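Annotation comment: TrEMBL describes 1827-1846 as compositional bias 'Polar residues'. According to TrEMBL, the disulfide bond annotation covers Cys52-Cys67, Cys79-Cys97, Cys111-Cys123, Cys118-Cys136, Cys156-Cys174, Cys212-Cys227, Cys233-Cys245, Cys252-Cys267, Cys278-Cys290, Cys285-Cys303, Cys320-Cys332, Cys327-Cys345 (among others). For 426-441, the entry in TrEMBL reads domain 'EGF-like'. Under the heading region 'Disordered', TrEMBL lists 1818-1863. Under the heading repeat 'LDL-receptor class B', TrEMBL lists 488-530, 531-573, 574-617, 618-660, 837-879, 880-923, 924-966, 1102-1144, 1232-1273, 1449-1491, 1492-1535, 1536-1577 (among others). The signal peptide feature in TrEMBL is assigned to 1-24.
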Amino acid sequence: VKLCVCVCVFCSLQQCTIWANASAECSCGRNHFTCAVSAFGECTCIPAQWQCDGDNDCGDHSDEDGCMLPTCSPLDFHCDNGKCIRRSWACDGDNDCEDDSDEQDCPPRECEEDEFHCQNGYCIRSLWHCDGDNDCGDNSDEQCDMRKCSDKEFRCTDGSCIAEHWYCDGDTDCKDGSDEENCPASEVMTATCSVEEFQCAYGRCILDIYHCDGDDDCGDWSDESDCSSHQPCRSVEFMCSSGMCINAGWRCDGEFDCDDQSDEKNCSDSARTHDVRCACVSFRCGTGRCVRLSWRCDGEDDCSDGTDEDGCEKTGNPPCAPDQFLCGNGRCIGQRKVCNEVNDCGDGTDEHPHQDCRPRSSEGDCNQNNGGCSQKCQMARGLVQCTCHTGYRLMEDGKACQDVDECAEEGYCSQGCTNTEGGFQCWCVQGYELRPDKRSCKALGPEPVLLFANRIDIRQVLPHRSEYTLLLNNLENAIALDFHHSHELVFWSDVTLDRIMKANLNGSNVEEVVSTGLESPGGLAIDWIHDKLYWTDSGTSRIEVANLDGTHRKVLLWKSMEKPRAIALHPIEGKIYWTDWGTTPRIEYSNMDGSNRRIIADTHLFWPNGLTIDYAGHRMYWVDAKHHVIERADLDGRNRKAVISQGLPHPFAITVFEDSLYWTDWHTKSINSANKFTGKNQEIIRNKLHFPMDIHTLHPQRQPAGGRSRCGANNGGCSHLCLPSNKTYMCACPTGFKKVDHSNCAKSLDKFLLFARRTDIRRISFDTEDMSDDVIPLADVRNAVALDWDSKEGYVYWTDVTTDSINRALWNATKQEVVVDTSLESPAGLAIDWVTDKLYWTDAGTDRIEVSNADGTMRTVLIWENLDRPRDIVVDPIGGLMYWTDWGANPKIERAGMDASDRLVIISSNLTWPNGLAIDYETQRLYWADAGTKVIEFGNFDGTDRQVLIGSQLPHPFGLTLHEDRLYWTDWQSKSIQSADKLTGLGRRTLAENLENLMDIHMFHRHRETVSNPCAVSNGGCSHLCLLAPSPLTSSCACPTGINLQTDGKTCTPGMSSFLIFARRTDIRMVSLDIPYFADVVLAVNSTMKNTIAIGVDPTEGKVYWSDSTLKKVSRANMDGSEHEEIIATGLMTTDGLAVDAIGRKIYWTDTGTNRIEVANLDGSMRRVLIWQNLDSPRAIALYNEKGYMYWTDWGENAKLERAAMDGTDRAVLISNNLGWPNGLAIDKAGAQLLWADAHTERIEASDLNGLNRRTLVSPVQHPYGMTLLGPHIYWTDWQSRSIQRADKASGANAITVVSNLPGLMDIQAVDRATPLAFNRCGRMNGGCTHLCLPRPNSTSCACPTGVLLKGDGRSCDDSPETYLLFSNRVSVRRISLDTNDHTDVHVPVPELHNVISLDYDSVDGKLYYTDVTLDVIRRSNLDGTGMETVISQGLKTTDGLAVDWVARNMYWTDTGRNTIEVARLDGTCRKVLVNNSLDEPRAIAVFPSKGYLFWTDWGHIAKIERSHLDGSDRKVLINTDLGWPNGLTLDYDTRRIFWVDAHLDRIESSDLNGKLRQILVSPVSHPFALTQQDRWIYWTDWQTKSIQRVDKHAGRSKETVLANVEGLMDIIVVSPNRQSGSNLCSANNGGCTHLCFAKTNNFVCSCPDEPDGRPCSTIKIKIFKNELKFGIGLLQGHTFVIGFGSYLNFSFSYRPHSQSVRHKKSKFADPGVSNLTYSNPSYRTSTQEVKIEASQKPPIYNQLRYKKEGGVDGGYTKEKIRIVEGVCLLSTDDLYWDDLKQIKPSRGGLHTCMRTDTVSLQASSASLDDGETEQLLQEETSECSSISTLTPSTVTPQRHTQHSLPDTGWASARKPSTESQV
């Protein structure tokens, strides 16, 4: 054994204390015991006889550990650790020894049925098994199988489950980090922020407006670094380089408080010692750091430089333990050795006379009178020594024993403790149950969950296991949170959005609760008993309360409040607790109504962040991030104690549950736990978090139901808020509202100060004493500047210079509306004429003063000359005058009549920035504030007697108002609202401070002076506006902008006569040319404009026409905005040019998206495509009706200017060189010239009408777009200068700006309604035309709507084309005429289309049938859109295919959602399922009525094309090899061939009706979907090329595009007189059937619907064949058929389709080695844009079909199949049918056959035999059947095919049959 080198410091006979030198082992001499090495490296030696004497001589109990003391009486139990307990306590299930030795080797206890048996013998409740808690004590109740993760979860290596999308997301979500291991580099997402966002240092994106706003929105202050200007910190704060504000006292204190450590840079020695407060309450280290005073001289180096231990008395020995005695010589001995009559100290200080010793031992014998001891007696060195039982302590007489009060020792019991004689008993409060250890309490209810805010999300974690889930994500900056357990709600605050939000506890239904007036809501708490929400705001320095929905909000506490942070409620006691980390940090409480406020703690606090209440333990806990400590105290602040004081870098929030504390830490980014009594058992619950903030334990016991609601069921009788107050309650009112009696609040505010703060508008009520500012909860306030009010209706008005609007709302924020939002640039001043309800405002951008009605109507310009940045405005309705300030180059204050008369400058000297104005009617004075001269002045109304009222301490006054005897103003620089006496300027008071961005201010009151109103009677005689005027007029009339007042001075003209009208994308505006100034007026159309481009005017009817390229519509309205209607709503893409032929009553337009020029009547009817070839990007269009010409510009690849007759003929290119972007175009009829604007060459040019004599008019122009002409001037819009310009049309000189600052300018037209129109050559009898009459040079021509041919008479047209295509593209059905060559698509006006997939047409009734998979319906409609009705409305999932049997009047459809093929009558009746087995994904369907055939495609797991009769019988697989996705299917009734498209193999194929003679027509094609056939053409729709194409059906040549650029193309069909021809036996009288008639090749069957319709389904017999073949129908349940075959056989069979179907996972294959684009074939419910395209190798297709059993007889045949085989003598063209029959072995009583079989050889030809020919061949064969008797399925033993396997129906083969037929 290696001995340490020891230096003996204190030695005596008994004891020696030594120090270990570089070793952890010590050795004492003989007869000595070596104590354990201390934490300081010290060793202690004690006499050997002191070991195991029950006394703590070592100080660490190491001399007593493991001792079995012989001091227990026979009645006691000896614990292994030497402790004595009552013998009756052994094996009672309690750990009384504290080492569990009293519970070892006990007989097993029988547990009850509802209990779990622990391995240590304990019994616990079964509910506690596997709940995450170690209830047994040996963890045997938590040996559980790991929970299975769901499909949407990822399993960590440790077995825990996390959300699947957290895998490889860059965050460590598994505790072991396994979710971020082995991640592909591409899967680690890196955030890319948009232009409007700022990227934080760690990658997160926040809105750019939060960058450099002074708030830590990123969470790491990176959004506040590198900012040129920060929001300054308060005077008592220090600003870090990052922008963060900290307490100024923390500067140079040796501890890094700034995240960038800038608080400890450039620190001098003097800077480190200047903080007096630190020296008072703490000890300052040599580094400057402050540590707790109690840490001074405690033997630990807390300062890290040792200065807290410098100068301490070097005693050389460690401090004595609490149960030790400190000798005079500094030695420590066990407490029991004091007064034991032995000199144990060595200096006698442990005995008499130094100690007041009473006899402790005496001579005697324990056998006599128990030695005088009251309990236990033992002999030591011949003397009697008394001891006590466990639970007692020896009294001073050394004989008697006294009961120990264990309950006085903290933590002995979790909650309640009752002391008993010699013992104690723990108990739990309601909602908890005592654990088996009889000391700790377990909460009843569900497993606890830790709910915590993580800034960008809110998450929850189970503290006892590694389950970690997301509750809410995509948050901005969630800080504080709380929950309401019974309502299942979670609330949180977001300090970036400045909102308080709530959601359900499952994460759904997110709502805003408080959205205004918040600056930094850092704390939040829920009163779960009275349903109230409390929060702290360190920005506003308030504590507020509201209902859970945010209503009835009230400022509860605001005085002596600096930076309130954490908040906790005790609604059972009616108390509210909060922390404040301002300049004097403290913890306070008050009643929940704000009364009885008290300070709990205000010493040794720096950063009291988190706060929580232990309701069961009646204590509070808090964390201090500066002191790095967790403390606790009683609820009144007494018994304060540190629980954890080390290992806490930056604790933020804390919660408590049962015996554990849980807290979040900013620096470690973790959640931690510890014992709440001792601080021990520290554990990291979760680390590597994003940014953990607030935390709560989500459990019902954290919101105990023990308290009753003091407010009862009727809200305590309170009209608004009922707040608990100690044991009672108090009625309270929302902020600013006064109480009218004990229970009720006033319904409105009588007087309040109204002020704007840019992003909000606030009020300070003068009805109450608190004078708290309250945000009026208005929406979308961006930059409010000017204010005014009208008490008559209670409206508040404001201007917003960001949205350039004037708005209003009632004083309580209801009825908010925009009053004016057009032609405003900087509305800085606002004034209300409360007498006539007029609104006056100044605009510093347009330099105008305008007026309108209070609702914004009848707006007009009052003053537009000689204004230079007008600012504030006030009106004096009493005197009829208005006053305004102007702070342009020559600042001045002016006045004029309220009708703009008598304008006068009243102040023009000694002004710099005259801002606010106010009128004092009492003293007849005008007040103003000047931010430049920093004064408030006043003068008379005419400017005389000017005086300075306040000339000092006015840094930057802005808003000004006056009420009664006080003047109120806002100040930008001091960020305050102040007031003073209006006469003297004295008595200055600050009403509010620390308010950024203060603007206008007004006093709202309800006592305005009543003034006579000359406009009250008949609007003053005015037709429009009646304005007040100075005497003697008192009033005058005015007209809306652009309209002149007539000579009577009362009436306005009906409208503008000469004006410009122009499009501005989102609106249309007019500029009157009738008045002496240019002012744009918005056309008040009651519709939304998205991108208005082209514009035209019909001066005859006074209508304006415009195109919107986003809405894809052409609309019109009257010039006053009324009678808005859409005239063209389909078939438009980008209508860049538009021209109204006012003479010929037509509208022409260009479409650069479709590259067409079209014409229509003015109402949009008779629309016709005029030009569609050789157009690249047609833009502007102009008409010359008198000449019969139209002109247009084309700015495509080869820009040009063209002309054609107005009917589209005689087309000619006029100019094609030196053009770039020819935008605008105008015709100067008077000058016989063309004028155009080119934005690329930056010129405006002119030529004659033939394109000759070209010349430049204006150059350069920046970016001209629209152009027009009126009188001697040309006008054009310019994108770059955002203006309308004017110049002389002859020379281009005298250019001026008409209006400016108008972004989004597009087309422009000049109109003079006084100019008469020319003669209309088509006016009389429409030129003799039935449809369109169009001008030509020197004549007119008749024309038809698009797609319709003009008849031979040259005048008349049919109503529709004869042959045309119909196709769908989800939201529309369109038509393409095949009679004309233009192939223009025309919309079929079918209403209410959502997602149309399949189409068909019934030529008999002329109706269109279609499926809509969004509505899950089948509908029909006439082609003019009338008669729309739903024929099938229920039981549909995804109807992909639809086919009309025009003969039998039935319709068939496939349903890929239900995997069925169904049929019904065309009106939807008699619905019946035909096929419902062995269908995987049925899609296209087609009928051949004259042949009686039904064809369909199936693109399921094994793609195939099948055929059956129209009743679903005789089902046969035609094609099942080399298929991918057979989407479309059509029949060529002439050549009797099937055509289909394959979207996977990218080709179009065909075969005969039997699937033979298969050939590829076209390959490759991109992604074909549907196809149809007409004449020699096959037409199909293609998803990828977004086009309709066609190809020659015989050779696959002559491929061409019919229509391009169409999104979402679906089905396509042909409507032709020859398409739906032929007949069958069902054509006449439905074949005599009562319900369904199904034709077959040479016969038919009648059938009944699946659901009876109340009509009898009758049976009839019809003679069919000459050879007496008879066919009959009988009615049985289900589907019953009776068939007669002449004289050969008469039998019946019953066929019930099998209800089951096997669905396979889709996989498509093609030829190997072919690499091309592979599509997923998506559901139609998705957009075609979602089609996934990827290059891939297509694997070989299966060349065999797999056979699957399907619930039938052994051997693989279904009962249905066998019944058919049993009952039918098969005659077929496919030998496999016969092969099936041959596989059935004859058996006794079974099938007896006698047959002769010959083979009929068929020569191969270009077309296969049809069924009639095949049947004829079969009838020529002879076959004999000796007997056929019916078999039961049990007697049939089918035999499997050995060469190949069949699908479950048995209808298809995987090998080619050897012959065409076999009998």
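Heads up, the Cβ atoms here are built off N, Cα and C, so glycines get one too.
TrEMBL labels come from automatic prediction, so no person has curated them.
Break the repeat 'LDL-receptor class B' (574-617) down by DSSP state and the numbers are 0 helix, 23 strand, 21 coil. Counting other Cβ atoms within 10 Å of each Cβ, the disulfide-bonded residues Cys156, Cys267 show the lowest value at Cys267. Checking the disulfide-bonded residues (Cys97, Cys252, Cys267, Cys345) against Cys123 (disulfide bond) with a 10 Å Cα-Cα cut-off leaves nothing.
Cα proximity to Cys227 (disulfide bond) (within 10 Å) is found for none of the disulfide-bonded residues Cys52, Cys111, Cys118, Cys136, Cys285. For Cys303 (disulfide bond), the nearest neighbour among the listed disulfide-bonded residues (Cys174, Cys245, Cys252, Cys332, Cys345), judged by C-alpha distance, is Cys252.
The most densely surrounded of the disulfide-bonded residues Cys245, Cys327 is Cys327 (count of other Cβ atoms within 10 A of its Cβ). The residues of the domain 'EGF-like' (426-441), classed with DSSP into helix (H, G, I), strand (E, B) and coil, number 0 helix, 6 strand, 10 coil. A Cα-Cα distance of 18 Å separates Cys245 (disulfide bond) from Cys267 (disulfide bond). Taking the C-alpha atom of Cys97 (disulfide bond) as reference, the shortest distance to any of the disulfide-bonded residues Cys174, Cys285, Cys345 belongs to Cys345.
Neighbour count (other Cβ atoms within 10 Å of the Cβ, all protein chains): 17 for Cys320 (disulfide bond). Sequence-distant contacts of the repeat 'LDL-receptor class B' (618-660) (same chain, at least 6 residues past either end, Cβ-Cβ under 8 Å): 250, 255, 257, 292, 414, 432, 440-443, 448, 450, 452, 463, 566, 568, 570, 573, 575, 577, 579, 587, 589, 598-601, 604-612, 666-668, 673-679, 682, 692-697, 699, 701-702. Here the candidates are the disulfide-bonded residues Cys52, Cys79, Cys156, Cys285, Cys345. The one whose C-alpha lies nearest to that of Cys136 (disulfide bond) is Cys79. Beyond the ends of the repeat 'LDL-receptor class B' (837-879), by six or more residues, the same chain brings 786, 790, 792, 795, 797, 799, 806, 808, 818-820, 823-831, 885-890, 896, 898-900, 903, 914-919, 921, 941, 960, 1000, 1009, 1011, 1024-1025, 1027-1028, 1030, 1038-1041, 1077, 1079, 1081, 1301 to within a C-beta distance below 8 angstroms of the stretch. Long-range Cβ contacts of the domain 'EGF-like' (426-441) within its own chain (Cβ-Cβ under 8 Å, at least 6 residues beyond either end) map to 93-95, 118, 122-125, 135-137, 412-418, 616, 658-659, 700-701, 704-706. Sequence-distant neighbours of Cys111 (disulfide bond) (same chain, 6+ residues apart, CB-CB distance under 8 A): His117, Cys123. Taking the C-alpha atom of Cys174 (disulfide bond) as reference, the shortest distance to any of the disulfide-bonded residues Cys52, Cys118, Cys320, Cys327, Cys332 belongs to Cys118. Between the CA atoms of Cys118 (disulfide bond) and Cys327 (disulfide bond) there is a gap of 49 Å.
When the disulfide-bonded residues Cys79, Cys285, Cys345 are compared by Cα distance to Cys52 (disulfide bond), the shortest distance belongs to Cys79. In the set Cys79, Cys212, Cys267, Cys285, none of the disulfide-bonded residues has a C-alpha within 10 Å of the C-alpha of Cys332 (disulfide bond). For the repeat 'LDL-receptor class B' (488-530), DSSP puts the residue distribution at 0 helix, 21 strand, 22 coil. Nearest Cα neighbour of Cys320 (disulfide bond) among the listed disulfide-bonded residues (Cys156, Cys212, Cys267, Cys285, Cys345): Cys345.
Within 10 Å of the Cβ of Cys118 (disulfide bond) there are 21 other Cβ atoms, across all protein chains. For Cys327 (disulfide bond) paired with Cys79 (disulfide bond), the C-alpha to C-alpha distance reads 32 Å.
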